[in-house]
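Listed in TrEMBL:
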type: DOMAIN; residues: 40-462; note: domain 'Major facilitator superfamily (MFS) profile'
type: TRANSMEM; residues: 41-59; note: transmembrane segment
type: TRANSMEM; residues: 79-99; note: transmembrane segment
type: TRANSMEM; residues: 136-154; note: transmembrane segment
type: TRANSMEM; residues: 166-188; note: transmembrane segment
type: TRANSMEM; residues: 194-216; note: transmembrane segment
type: TRANSMEM; residues: 277-301; note: transmembrane segment
type: TRANSMEM; residues: 340-364; note: transmembrane segment
type: TRANSMEM; residues: 370-396; note: transmembrane segment
type: TRANSMEM; residues: 408-428; note: transmembrane segment
type: TRANSMEM; residues: 434-454; note: transmembrane segment
């Protein structure tokens, strides 16, 4: 009996060891469940929703605001109400990397929400133009903090297999914010003081972001870099599941030392050993803005109205195309890859600008010009949303080395805000000076330059871990 028991127990032990060895073979090949990290990404995406909302909130309400605050007809004042947000965003973006590295990604989201809550309240209760401008400036700093931090967070908490889809999810949130602002602003022309409600409403998602971030996961990459390895393992378990913790930590240790060292000189980023990756990131953002996308977003209503199309219909059409393209991008991002979507997107945008040039020429007239121009504009927005919109933030957060990711992202996005500001500022003036044909030709040329740049410099990151991408880039730099 005892012998039989001993034999049986040995068989059980050997069987158990065999199961464990099989499990150890299977686990590395198994993909982490994306549902674990989805809820954390959804909460982070509220910052993208708020970004879209505050960019669009003055679109339908500006006329009512100018009447109530006694600056109606003053185009400079109206322009300031719209663009002062961009100035605040530049400042917020510039410091976002140092904030994200200093207090962590979660606390950075909460700091991002704070000026949006304060600024929205100041705007809603403004009695003068200066009160409105100060409120919009506060909101702008929060807007500037949001995009680089959400890009960092999504890149660092998402499983590689769905990181592209999760990155596109933030673009969808931005589209929903824009559409939400336009929809809520519709009654502003008919109901006195409704514009104040539009600003009060934005406090709700900002408060939810600040509160829910308290229970979301911190970035394991940031924790590991600070030397808090045990906490990083706990966050990886929360995001990926227990069986994936050790492989994730092992891979993370290949590139990040985990010694808390995050000191990097500005000179290293701008013209030092990280110049190449900074050049790629900054140039991609610059080309994104020089394509003319924000001129289309800011002034699409003007183009539509010149053909007799009401602004609410115009804004709805642009919003639907933007949302549709973003949803398709989310589906295709991890199947076709980032580089393919970028190439197709910029080519589509160049074609759309070609249609705008034809519409502005003598070859088209009357209804023909209207259909070509409106069709070209909608194609432009759709093409942008398929790649040039969601991909740059995602791919730059992927290709930047871990120890400089936050600060480098901040500088790249600062370039984005500067060019965004000048495109918005000079678009109408250039339209008057050089005409639609030449201006749209310039935008189309930048789209074609972007195609060449992507083909030459952009690395495909689909399905790769952040550490694998970093190792490939280091090898390229060495060569």
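Start at 1 and count along the chain as shown; that gives each residue its number.
Heads up, the Cβ atoms here are built off N, Cα and C, so glycines get one too.
Note: TrEMBL annotation is automatic and uncurated.
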For the transmembrane segment (41-59), distant same-chain residues with Cβ under 8 A (at least six beyond the ends): 65, 81-82, 85, 109, 112-113, 116, 120, 139-140, 142-143, 146-147, 149-150, 153-154, 157-158, 166, 169-182, 184-185, 198-199, 202, 205-206, 208-209, 212-213, 216, 297, 301, 315
Annotated stretches the transmembrane segment (408-428) and the transmembrane segment (277-301) touching (3 or more Cβ pairs under 8 Å): yes
Long-range environment of the transmembrane segment (370-396) - Cβ separation under 8 angstroms, sequence gap at least 6: 147-148, 150-151, 154-155, 163-164, 167-168, 170-171, 175, 280-281, 284-285, 288, 291-293, 296-297, 300, 303-304, 307, 309, 317-318, 321-326, 328-330, 332-333, 338, 341-349, 351-356, 358-360, 364, 409, 412-413, 450, 458, 461
Cβ pairs under 8 Å between the transmembrane segment (194-216) and the transmembrane segment (277-301), at least three: no
Beyond the flanks of the transmembrane segment (166-188) by 6 or more, those residues with Cβ under 8 Å of it: 34, 37-38, 41-42, 44-46, 48-57, 59-61, 63-64, 150-151, 154-155, 158, 194-195, 197-198, 201, 312, 315-316, 319, 322-323, 326-327, 329-330, 333, 385, 389-391, 393-394, 397
The domain 'Major facilitator superfamily (MFS) profile' (40-462) [mean pLDDT, rounded to integer]: 86
